[in-house]
Amino acid sequence: MTNPWDDWDHVLKVDPDKDLQPGETFEDVCRTGTDAIEIGGTLDVTAEKMTRVVDAAAEYDVPLYQEPSNPGVVIDSPALDGYLIPTVFNAGGPFWITGAHKEWVRIDDLDWSRTHTEAYIVLNPDAAVAELTDANCDLAADDVGAYAKVAERMFGQEIVYVEYSGTFGDTEKVAAAHDALDDATLFYGGGIHDYESANEMAAHSDVIVVGDLLHDEGVDAVRETVKGAKDAHDA
Ligand SMILES: CC(C)=CCC/C(C)=C/CC/C(C)=C/CC/C(C)=C/COP(=O)(O)OP(=O)(O)O
Ligand SMILES: O=P(O)(O)OC[C@@H](O)CO
Ligand SMILES: [Mg+2]
């Protein structure tokens, strides 16, 4: 089966709780050359803030996906190409693996054709997502590779996401996840801030995710990371 992300090199993650750089618009954001925009963040996200970003980005060509951090922020919008739902494989308890999902399915009427999961392996203990999910980040490269294989082979996950939100990760661990996968797509996110860092991580993954850089530096810096990722995969 083919999925849209099979062809992606770069995803831009827009945090609805954070501002763009002064003078920059969502039109600029959509014209960075990124392959898709994921809208989400761990803290202080609301459905209203989500809606504002989706509406602002709706009229441009780039695919838009919501990445909700809990069922309460999911929005129903025809502008969305789909929903990328995290499940945290190394969470400290079942709530962030299947519990939140069970609640969502219980209270909501899902559009299954647009709903996909991402098997997160959270590795930066200082990130909000690690604290929230009580993730066990004390993992060696072979642990990370094994989690990736479990996600793909035992749980049928089509996306495995090595998450270092806020810091540039250990390439050996990212490579271990990459080597473990046959068909699933490996997303890497965390600390990508320029051409070089994008180029380096793209060599060890299928899709790099760039987040805070957009809010901290702006669209020109993001465009450099798109080049870095594309060059790594074209090489
Ligand atoms: C079942 C539904 C609809 C939702 C649950 C989805 C789950 C399991 C979420 C847990 C993990 C999580 C909170 C993911 C959100 C995406 C993410 C990691 C965003 C990056 O957040 P950070 O960069 O760490 O936080 P801030 O940018 O908010 O500081
Ligand atoms: O904000 P950064 O560090 O780029 O991380 C991107 C993304 O993986 C966060 O979920
Ligand atoms: Mg963030």
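In case you wondered, yes, glycine gets a Cβ from its N, Cα and C as well.
What TrEMBL says about a protein is an automatic prediction, not a curated fact.
Small disclaimer: the values here were computed from a predicted structure and weren't measured.
In TrEMBL, the sn-glycerol 1-phosphate site is described by Lys13, Tyr161, Val162, Glu163, Tyr164, Ser165, Gly166, Gly211, Asp212, and among Gly33, Gly72, Gly191 the residue recorded at this site is Gly191.
Taken in sequence order, the binding-site residues Lys13, Thr42, Val162, Tyr164 that lie near ligand 3, meaning a CB under 6 Å from one of its atoms, form an empty set.
Cβ crowding, taken as the number of other Cβ atoms within 10 Å, peaks at Gly211 among the binding-site residues Gly166, Gly211. Of all Cβ atoms in the protein chains displayed, 20 besides its own lie within 10 Å of the Cβ of Asp15 (Mg(2+) binding site). Taking each of the binding-site residues Lys13, Thr42, Val162, Tyr164 in turn and counting other Cβ atoms within 10 Å of its Cβ gives the largest count for Val162. The two recorded residues, Gly166 (sn-glycerol 1-phosphate binding site) and Asp15 (Mg(2+) binding site), show a Cα separation of 13 Å. Taken in sequence order, the binding-site residues Val162, Gly166, Gly211 that lie near ligand 2, meaning a CB under 6 Å from one of its atoms, are Gly166, Gly211.
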